[in-house]
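Down below is the structure, laid out as structure tokens.
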Amino acid sequence: MSHRILSPPAGLLSDEDVVDSPILESTAADLRSVVRKDLLSDCSVISASLEDKQALLEDTSEKVKVYLRIRPFLTSELDRQEDQGCVCIENTETLVLQAPKDSFALKSNERGVGQATHKFTFSQIFGPEVGQVAFFNLTMKEMVKDVLKGQNWLIYTYGVTNSGKTYTIQGTSKDAGILPQSLALIFNSLQGQLHPTPDLKPLLSNEVIWLDSKQIRQEEMKKLSLLIGGLQEEELSTSVKKRVHTESRIGASNSFDSGVAGLSSTSQFTSSSQLDETSQLWAQPDTVPVSVPADIRFSVWISFFEIYNELLYDLLEPPSHQHKRQTLRLCEDQNGNPYVKDLNWIHVRDVEEAWKLLKVGRKNQSFASTHMNQQSSRSHSIFSIRILHLQGEGDIVPKISELSLCDLAGSERCKHQKSGERLKEAGNINTSLHTLGRCIAALRQNQQNRSKQNLIPFRDSKLTRVFQGFFTGRGRSCMIVNVNPCASTYDETLHAAKFSALASQLVHAPPVHLGIPSLHSFIKKHSPQVGPGLEKEDKADSDLEDSPEDEADVSVYGKEELLQVVEAMKALLLKERQEKLQLEIQLREEICNEMVEQMQQREQWCSERLDNQKELMEELYEEKLKILKESLTTFYQEQIQERDEKIEELETLLQEAKQQPAAQQSGGLSLLRRSQRLAASASTQQFQEVKAELEQCKTELSSTTAELHKYQQVLKPPPPAKPFTIDVDKKLEEGQKNIRLLRTELQKLGQSLQSAERACCHSTGAGKLRQALTNCDDILIKQNQTLAELQNNMVLVKLDLQKKAACIAEQYHTVLKLQGQASAKKRLGANQENQQPNHQPPGKKPFLRNLLPRTPTCQSSTDSSPYARILRSRHSPLLKSPFGKKY
């Protein structure tokens, strides 16, 4: 027994035609299957017309169609007050969902999360009043026409459980769904053009296999056993038909999501007469049959399988004594297209056989009673119709088109099924539907962002693996969303609407064509001689493209021709590598040049910005330095002016002090002579005390001078402040000169005092001596006052120098420390205020003229002894202020 496996011809499914077919729209991709040598010259092709290719190109930008259908309320649902207006149709394309009370969406909205009203757009919305025939004419009719023309279509229903998905797909005996109506339209359109014998059978994803007479009889016996097995079960169930008639009615009235009234397990007892009536009814639809080419014959094959708990089961499996069903494997062909291994494909001749086989598959499908549906589909069922387009009477390579209708199991929250087998089923159903949503979201993102392509998780679920071909180039897809308008299922309905919103954004885009030359073109180009058989084939197919069969079967070519092809391919590969290397070098050079240019531009921008910032900072600091210079100049000019005034005043006082001793000395000599005998002992003691006081003043003066030199070294200003300190140093030198002059005068007074003492020893004038001592005391007090004023002046100069040094140092290091100058001035001002006498008001700042009185105060007459005056001068507070603190 020999099997002959064929792939579609070049004019239909070759690499060159992939460009004309969009993603989700094109027919099955070619397979490099082995073609028998004796069939190569007899193969004929059915090439797509130019108009069909143009139509395909026009549809490349079309979005995926998503239809919405709302089922009506049941009487029991109206009794439970499920109609709360949560599902509203705004127009034929817009649906508004309003969250009812006690729904999770409304509670989230009250907490500030989410929205209470959602609006969705669909290709078309069908209300509860739309019947099955109208729904089919508006949705499925054009898709069936495309399938008869050679395209592949996938239609899948999505929605929560008990939303009417199975009713939309299969319907009832009186109101057929889209699947029976599609079968009726297909067979009505193919009347008189069906292939008489099933000698070609679909295989893998898009291949066919030739069957001999024995294999044809086996296929017929398999179909007959399925049909007879179904009829025997119907005859056995006739005896209990009356007993379950009431239960079937209840089940039909409470369920919209299972095969009701003739398709569910509760209504499997429809008689053969009813089947005949149903098939006759579907065989005569109101729609006009689709016109197909008259020179083409068609062969219709169907398959029916389910995905239950991530396991694949054939629903058209012949009856056997085994209680455990055999699981199927999901495999890939050599081109990566998925297919179900060992899946039964049954040849059908009319709609009645297809309906009976559908009924047999429904009996084998997994149903169960759930919280929301008494007869709920617990698996994803996929009913596929493959049509082989045959031309000619001999051996042919057919074109294959496929129509797949998938009844997805309803999504349901696990809170309704908390344990047992139903919980496991619900988990697997929700997982597969979630994976389908992820795949659709990834496809949408890849279409919107061409530069960054994400991996599409088709392999995470068996359902998405089956759908992969329709989503990636082998056909087109359509989604039918079924909505349950009950308020209790609003949250699930909202999730289904959001899921469909992703699918509605997918766009049919053409796949990438690599443009790789075929093996036949290599041989024609590089072979010097062509065989006679190939010459005939080239003449017959001169207007067609290279078929994949020529590439698949290399036995028709000679060894030398194949070696030449290998050498040509090596040369072509080397050329391509050189071109790609040159392109890579060029791209790298361009990228490097662009990067260098960008770096230069950035460097230039940074340098310009730094220059601008530098100029701004220089202007800012120059302005600040200018302001500071003006303020310092004004301040020190005022200080110098006030200091000059004080020095002039001190000089005036010094001149007065010099003149007074000279005037009083002449009169004091006579007094000294008269009183020297009376006050000899007292004057000697007072002189010693005055001498000791003078020595103490000298010691303090020397220590003050040393301390002044020390502070001058410490407070030596930086070079920028040198012009300001020169004037101050000059004034300080003048003050020191005045101090030296005062010392000289003090020495002269001491000498005069000694001479007066010697004179007192020889004179007896006590009154004159007392008067002379009084004058000396006055002179000493004035000198002490003058010395104290000079010392205070020196302290002020030190303080001013400290201010200047601190200010200039802060300016020299950073301009930001200028604010600290004000606080330093405040602290220094506070120290000066602490030196003020207690009787001065706080609002005035004492200056040099306020520190010491200009004229000596009058002494009290009660305490006028020389000893008391000396004690007062020693305990004067004016002498404590400059030396009592350490600056």
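Placed from the backbone N, Cα and C atoms, the Cβ positions cover glycine too.
Positions annotated as ATP binding site by Swiss-Prot, on the basis of sequence analysis: G159, V160, T161, N162, S163, G164, K165, T166. DSSP assigns S163 (ATP binding site) to coil in the three-state reduction, placing it in neither a helix nor a strand.
Annotation source Swiss-Prot lists coiled coil at 559-804. Across all of the coiled coil (559-804), the predicted model scores a mean pLDDT of 82.
Annotation comment: Swiss-Prot describes 856-865 as compositional bias 'Polar residues'.
Taken from Swiss-Prot, the feature domain 'Kinesin motor' applies to 63-506, supported by sequence analysis.
Annotation source Swiss-Prot lists N-acetylserine at S2, citing similarity to another entry.
For S7 (among others), the entry in Swiss-Prot reads phosphoserine.
The phosphoserine annotation in Swiss-Prot covers S14 (among others).
The annotation phosphoserine is assigned in Swiss-Prot to S21 (among others) on the grounds of similarity to another entry.
Residues or ranges marked as phosphoserine by Swiss-Prot: S527 (among others).
Per Swiss-Prot, phosphoserine is recorded for S683 (among others), and the stated evidence type is similarity to another entry.
What Swiss-Prot lists as phosphoserine is S823 (among others).
If you look up Swiss-Prot, you'll see T855 marked as phosphothreonine.
According to Swiss-Prot, the phosphoserine annotation covers S865 (among others), on the basis of similarity to another entry.
Swiss-Prot lists S876 (among others) with the feature phosphoserine, giving similarity to another entry as the kind of evidence.
Feature annotation from Swiss-Prot assigns phosphoserine to S881 (among others); the stated evidence is similarity to another entry.
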Completion exercise
If you tally other C-beta atoms within 10 angstroms for each of the binding-site residues T161, N162, S163, T166, the top scorer is T166
Exercise for the section: Take the Cβ of G159 (ATP binding site) and count every other Cβ within 10 Å, whichever protein chain it belongs to. Expected result: 28
